[in-house]
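These notes concern the structure reproduced below.
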């Protein structure tokens with residue numbers, strides 16, 4: 001690496017001489033230390049010409065990392081993206097040339113998602129509010145759950161209903177696709193769960209009964225841990241979480257210990273289950289016997305939402321933007337594991353929690369039961385939190401009408417997105433982590449640009465509150481549903 005750095009510094013000198021810098025290399029250069037988002041240095045600090053910008057830094061990082069394929073990187077100096085030459089940045093921000101400048105390099109998605117800007121279909125069919133929408137892991141199908149007690153599976157090519165899944169006797173509050181795309185599970189206000197075959201729209205077996213009150217969340221066991229997918233966990237207002245096996249069609253483990261409603265649940269990539277509750281705690285469970293292994297305390301009010309830094313790869317399993325399909329569960333498991341390991345790199349899986357106490361906590365549950373940081377700034381309850389697919393950002397939606405952006409590694413506040421005139425209910429990310437979508441009580445969807453921190457697109461069209469939004473994993477489409485009973489599809 002040292003030899004490489006010398007060559008690169010020489011390269012820098014050459015560039016400068018070419019620009020008439022002559023022998024002034026030392027006074028015209030900046031000592032820079034490159035680190036990854038976790039703070040691990042990439043080689044020793046090096047002198048770089050003030051004329052160096054993102055392009056030169058990209059070449060340096062690709063070289064130091066021995067990347068055969070040249071990857072795109074973005075560079076950050078104290079959480080601000082470097083989009084100009086180093087010298088210009090130093091002048092503008094009054095940074096002394098004597099100081100060592102710490103530059104964080106962050107890999108960017110090789111592909112780019114087009115921002116959605118028009119409604120391509122308004123699909124009627126549900127006779128009550130649409131309460132949940134979710135694209136399948138490969139982005140080819142879409143499901144919605146409604147107050148009319150049905151689940152609908154939609155054909156995205158013809159933009160018409162494919163199947164109306166009937167069986168629930170109460171509002172469908174929650175839906176979740178298995179990461180291998182083979183199953184869809186829905187949970188209702190009555191507390192029962194139903195598994196459906198997405199190919200036929202028919203129920204796979206009888207309803208799964210056990211919960212005494214309504215279902216608040218459903219999360220599947222990651223496909224890199226077990227393929228084909230068989231187990232999922234549900235959380236309920238009754239204070240329990242239950243692990244079910246779809247092939248045995250029964251509850252195999254009951255996770256009891258919360259003293260109030262369990263509001264959210266996530267099955268993590270390391271095989272642990274996380275539950276957030278109105279009892280202000282987050283509990284961590286192992287999944288062979290359902291033993292409680294850790295309690296995360298700190299919130300002063302109900303925990304409303306949990307998100308994992310690895311959530312996107314857990315949700316999509318082996319599927320990615322290329323649209324490749326797989327012939328066997330074994331192949332799927334292998335590819336999913338590869339994707340998961342690449343996403344995680346050498347960092348622990350992170351968890352973020354949002355609460356009625358207006359704050360959020362960032363945790364590394366495998367490392368410590370104490371939060372990494374407390375994230376404050378919202379003026380009202382935090383309703384939904386979500387990591388970007390690359391784990392670089394955390395977004396939070398609040399009843400204070402704002403969406404906030406935070407650093408996904410440190411939890412530091414980055415920006416506030418303002419524009420909604422009502423509480424923000426739900427958010428979703430584009431697959432390339434460059435755009436963020438929000439749905440609000442104010443009947444609009446908005447798309448925000450993470451780089452410029454500005455509103456990219458305002459999407460009016462719903463006639464009432466927007467309860468649910470999802471951006472398809474392949475990046476092509478956005479779906480939204482709400483009080484006006486229609487499902488809207490949006491395209492780029």
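Using N, Cα and C of the backbone, Cβ positions are placed for all residues, glycine too.
Note that the structure is a prediction, hence the values are computed from the model and not measured.
Lifted from TrEMBL, the feature list:
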DOMAIN    30-90  domain 'NLE'
REPEAT    123-164  repeat 'WD'
REPEAT    165-206  repeat 'WD'
REPEAT    208-247  repeat 'WD'
REPEAT    255-295  repeat 'WD'
REPEAT    375-416  repeat 'WD'
REPEAT    417-458  repeat 'WD'
REPEAT    459-492  repeat 'WD'
Tell me, please, if the repeat 'WD' (459-492) and the repeat 'WD' (165-206) are in contact, taking contact as 3+ Cβ pairs under 8 Å between residues separated by 6 or more positions?
no
Tertiary contacts of the repeat 'WD' (255-295), as residues 6+ beyond its ends and Cβ separation under 8 Å:
213, 216-222, 224-225, 231-243, 301-308, 310-311, 313-314, 340, 344, 349, 351, 353, 355, 363, 365-366, 369
Counting only residues 6+ away from its ends, which parts of the chain sit with a Cβ under 8 Å from the repeat 'WD' (417-458)?
81, 108-109, 111-113, 115-117, 312, 321, 380, 383-384, 386-390, 392-393, 395-405, 464-471, 473-475, 478, 480, 482, 484, 490
Determine how many residues of the repeat 'WD' (255-295) DSSP places in helix, in strand and in coil.
0 helix, 20 strand, 21 coil
Kindly state the mean pLDDT of the repeat 'WD' (417-458) in the predicted structure.
97
Structural state census, the repeat 'WD' (417-458) (DSSP three-state)
0 helix, 23 strand, 19 coil
